[in-house]
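Visitor: Per TrEMBL, L-aspartate binding site is recorded for A:GLU173, A:ARG216, A:THR367, A:ARG371. Per TrEMBL, ATP binding site is recorded for A:ARG216, A:ALA217, A:GLU218, A:ARG224, A:HIS225, A:LEU226, A:GLU364, A:GLY412, A:LEU413, A:GLU414, A:ARG415. Annotation comment: TrEMBL describes A:158-441 as domain 'Aminoacyl-transfer RNA synthetases class-II family profile'. The region 'Aspartate' annotation in TrEMBL covers A:195-198. If you look up TrEMBL, you'll see A:PRO87 marked as site 'Important for tRNA non-discrimination'.
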There are 2 protein chains.
Amino acid sequence: MISIPSTGSAERVLISELPACADRPVSVEGWLHRRRTLKTVTFLVLRDRTGLVQAVLREPHASALEHLTEESVLRVSGIVKANRQAPGGIELIEPHVAVLSGSTEPAPFDLYRPTVPATLPTILDHSPVTLRHPRLRAPHVIAAASVAGYRAALDGLGFTEIHTPKIVGSSTESGANVFEVDYFGTRAYLAQSPQFFKQMMVGVFERVYETGPVFRAEPSDTARHLAQYTSLDAELGFIDDHRDVMEVLREAVDGMLSAVRERAQEECELLGARLPEVPARIPEIHFAQAQELLAAHTAQDPRGEPDLAPAHERWLCEWAAREHGSEFLFVTGYPMRKRPFYTHAEPGRPEYSNSFDLLFRGLEIVTGGQRLHKYEDYVAALAERGEGVEAYEGYLQAFRRGMPPHGGFAMGLERWVARLVGAENVRLATLFPRDITRLSP
Amino acid sequence: MISIPSTGSAERVLISELPACADRPVSVEGWLHRRRTLKTVTFLVLRDRTGLVQAVLREPHASALEHLTEESVLRVSGIVKANRQAPGGIELIEPHVAVLSGSTEPAPFDLYRPTVPATLPTILDHSPVTLRHPRLRAPHVIAAASVAGYRAALDGLGFTEIHTPKIVGSSTESGANVFEVDYFGTRAYLAQSPQFFKQMMVGVFERVYETGPVFRAEPSDTARHLAQYTSLDAELGFIDDHRDVMEVLREAVDGMLSAVRERAQEECELLGARLPEVPARIPEIHFAQAQELLAAHTAQDPRGEPDLAPAHERWLCEWAAREHGSEFLFVTGYPMRKRPFYTHAEPGRPEYSNSFDLLFRGLEIVTGGQRLHKYEDYVAALAERGEGVEAYEGYLQAFRRGMPPHGGFAMGLERWVARLVGAENVRLATLFPRDITRLSP
């Protein structure tokens with residue numbers, strides 16, 4: 001009943017393909033997800049990347065497999081039989097079981113239970129194993145679909161994918177919270193964003209995107225901050241203002257959701273993830289007007305503050321849902337004093353900017369805006385902050401050779417997925433999170 | 001003749017769309033690629049992301065635009081006219097020129113000349129500008145197409161994309177040539193590859209890939225080494241041996257070339273890049289047999305050496321072209337002593353491994369193979385190298401909970417593109433190369 005598999009054995013069939021194989025002999029391969037021993041019969045539930053199937057063992061074969069532990073890797077050969085009582089309506093009978101690889105230690109918790117009976121640290125300490133739980137695995141399938149949809153949408157809009165340096169020579173872009181690297185004896189830094197690179201590449205490709213890691217030495221241990229996350233960045237030239245950027249972002253989000261519907265439907269169902277509609281035009285509200293609303297309808301008066309508090313973002317999202325029937329809301333025009341030096345001011349109201357945040361289900365998931373495009377504007381903007389141009393020479397040289405009006409945005413992939421699936425901690429949407437206390441596995 | 005553009009101006013038409021607009025008024029936007037002043041007429045050649053077009057100016061309008069420098073960003077409105085003598089067979093007449101953004105300093109060399117009259121350091125120091133030269137830009141369009149084709153091929157084979165940490169807690173994977181990071185006061189390292197992560201994820205998704213940056217503190221300043229490059233990684237479970245991995249790699253390379261043909265044909269033509277055929281079965285030769293061939297046919301006798309010298313790789317590629325009509329060659333079975341500890345030995349010949357390199361046009365572009373999948377084999381392999389399991393606990397925990405036979409590969413994107421376009425230095429296939437002397441722009 002147990003054998004060492006030989007090379008060149010019968011072609012493997014995926015579990016999802018079994019319904020088409022009724023009454024035929026097949027071999028499936030996967031992990032022993034669960035063994036259930038009843039009085040006269042033992043069920044082995046096998047898991048592969050496409051699903052679950054049970055194999056039905058009777059005596060004396062069942063006893064011969066008593067030592068098999070869950071998570072062992074098996075090849076099970078048997079006859080496919082329809083059985084309406086079996087999970088998925090199908091089962092394997094007269095199975096022949098070969099052990100490809102044993103499991104010598106139980107998982108930290110039973111991976112076959114529908115819910116996850118473990119704390120976050122246990123889940124993360126053992127992620128190579130706990131991610132095998134269908135509920136913990138699902139967000140990452142949704143992440144992969146989201147990124148594929150993002151790229152497809154931007155490819156369709158004439159964007160070019162770029163790969164930019166993650167080690168940079170100066171920490172100038174935002175100063176705080178950078179990781180230092182020993183670069184052949186020189187001090188260097190991990191890039192907090194591809195901002196400068198994607199802008200420079202507007203001069204080359206007009207429209208670019210990157211989907212890669214960014215690094216923040218974030219000292220606060222919150223449910224939504226990571227030391228490394230995947231940033232979905234885009235930048236485009238020849239815009240009128242930030243609204244052209246917002247339109248492209250709308251297309252990108254729509255493409256992401258289409259891909260999730262197409263490629264991760266089962267995972268969404270498993271997690272009960274409700275996918276939002278993207279309105280043909282996402283409602284928008286100017287920062288100043290948002291503050292007026294908040295002052296009129298909430299206990300606090302935020303006017304004079306340069307940014308929105310988390311509670312304000314939540315309130316505005318509820319307002320957008322109520323007033324506009326949208327789970328997405330653009331807040332535009334954030335005050336210049338809270339935005340980076342390359343931000344383009346609002347024409348006629350220079351204390352405000354041509355920038356935006358996209359709020360989704362109570363949280364900011366994207367930041368973007370129009371950038372300065374004239375060299376002299378950069379010189380002035382840096383001077384106003386008491387900075388010289390020297391540290392920025394590599395970047396600013398592009399602006400002395402003609403740069404079109406441009407803008408862009410950045411979305412945190414893990415935050416997006418966490419919102420989509422309703423994960424209370426962004427770490428549950430990150431394969432191997434890095435934070436102030438966690439550097440492994 | 002010159003005006004400040006107003007928002008809401010006529011819709012921009014891309015230069016590639018002009019042939020369909022004959023005799024109609026249009027607006028195009030782009031960079032002043034070149035100005036050619038003849039006796040009675042001035043040509044402005046405009047460049048956008050889709051190509052070049054000339055606008056024909058006559059007096060007195062030409063004189064009014066004399067101050068315009070190349071690389072200025074313009075909107076040119078005019079009538080599209082077919083003219084067989086014009087480049088591309090089309091030109092804009094009666095043009096109206098608006099300056100979106102001026103150029104205040106000439107590029108380091110004339111970007112309109114067909115060849116690049118500059119040294120590599122000049123090209124790289126000014127890459128935000130020099131990459132606008134069509135010949136210097138083209139490799140990156142080919143790179144983007146290659147990565148898209150890679151992902152499409154693997155998506156089609158049931159792979160899941162993953163995003164893994166680039167900051168790791170130990171330098172154990174290969175020891176030398178790692179960059180150190182100050183991680184909240186602890187010493188950490190930049191990942192040299194996603195090797196451990198992709199293997200662990202075989203336990204979750206069976207088939208995974210990643211397209212992201214990897215870091216090597218490479219102290220040698222050669223034409224083919226970088227401190228950061230883009231690694232196209234894949235790993236798959238339920239294999240018989242390394243040949244199953246080689247088959248997937250063949251599909252991936254074929255998909256990359258299809259995408260390059262489809263999405264970067266013009267760039268290939270511009271660079272005279274000849275795209276190779278991928279044979280239905282890429283020829284392969286065992287390392288031992290390759291050494292016999294080299295001993296018999298070249299001046300040196302390499303037998304006893306644990307690896308192939310660059311000259312040997314070149315000779316073997318010539319041999320494969322001659323004997324098998326293939327520009328690709330798999331060399332399999334590299335000696336275990338030169339391969340990392342997770343390498344699976346060749347059954348029956350334990351001094352050799354179930355590994356491979358893919359050679360292309362004289363150079364190794366991919367390394368891969370079958371990995372160990374049993375926990376006890378890892379313990380033994382590490383003991384043999386005098387190492388304990390402690391530093392590997394985060395990784396090895398996966399192998400105590402059932403891991404299928406698996407293997408994978410890694411391809412350097414920049415090296416692939418350099419080979420494809422015949423670039424003598426890999427830096428010409430890298431947007432902003434990082435090396436022992438270069439950290440900016």
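Quick reminder: no glycine exception, Cβ is built from N, Cα and C everywhere.
A TrEMBL annotation is a machine prediction, not a hand-curated record.
Tell me about the surroundings of these features in the structure.
Guide: Within 10 Å of the C-beta of A:ARG371 (L-aspartate binding site) we count 29 further C-beta atoms, all protein chains included.
In sequence order, A:LEU308, A:GLU313, A:ASP357, A:LEU358 are the residues of the chain that are 6 or more apart from A:GLU364 (ATP binding site) and have a CB within less than 8 Å of its CB.
If one looks beyond the region 'Aspartate' (A:195-198) by at least 6 residues along the same chain, the residues whose Cβ comes under 8 Å of a Cβ in the stretch are 162, 164-165, 173, 208-210, 233-235, 340, 342, 394-395, 408, 410.
Its Cβ taken as reference, A:PRO87 (site 'Important for tRNA non-discrimination') is surrounded by 13 other Cβ atoms within 10 Å in the chains shown. A:PRO87 (site 'Important for tRNA non-discrimination') falls within a helical segment according to DSSP.
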Visitor: How many Å lie between the Cα of A:ARG371 (L-aspartate binding site) and the Cα of A:LEU413 (ATP binding site)?
Guide: 23
Visitor: What is the biggest Cα to Cα gap, in Å, among A:ARG216, A:ALA217, A:GLU218, A:ARG224, A:HIS225, A:LEU226, A:GLU364, A:GLY412, A:LEU413, A:GLU414, A:ARG415, the residues listed as binding ATP?
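Guide: For the residues that bind ATP, the greatest Cα distance is 20 Å.
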Visitor: So how many of the residues in the region 'Aspartate' (A:195-198) end up helix, strand or coil by DSSP?
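Guide: Counts, helix then strand then coil: 4 helix, 0 strand, 0 coil.
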Visitor: Within 10 Å of the Cβ of A:ARG415 (ATP binding site), how many other Cβ atoms can you find? Include all protein chains, please.
Guide: 23
Visitor: DSSP three-state call for A:GLU218 (ATP binding site): helix, strand or coil?
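Guide: Note: A:GLU218 (ATP binding site) is coil by DSSP, not helix or strand.
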Visitor: Quick one: of A:PRO87, A:ARG216, A:HIS225, A:GLU364, which recorded positions have a CB closer than 8 A to some CB in chain B?
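Guide: Cβ contacts with chain B under 8 Å: none.
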Visitor: Under 8 Å between C-beta atoms and at least six apart in sequence, can you list the same-chain neighbours of A:HIS225 (ATP binding site), or say none if there are none?
Guide: A:ARG216, A:GLU218, A:VAL426, A:ASP435
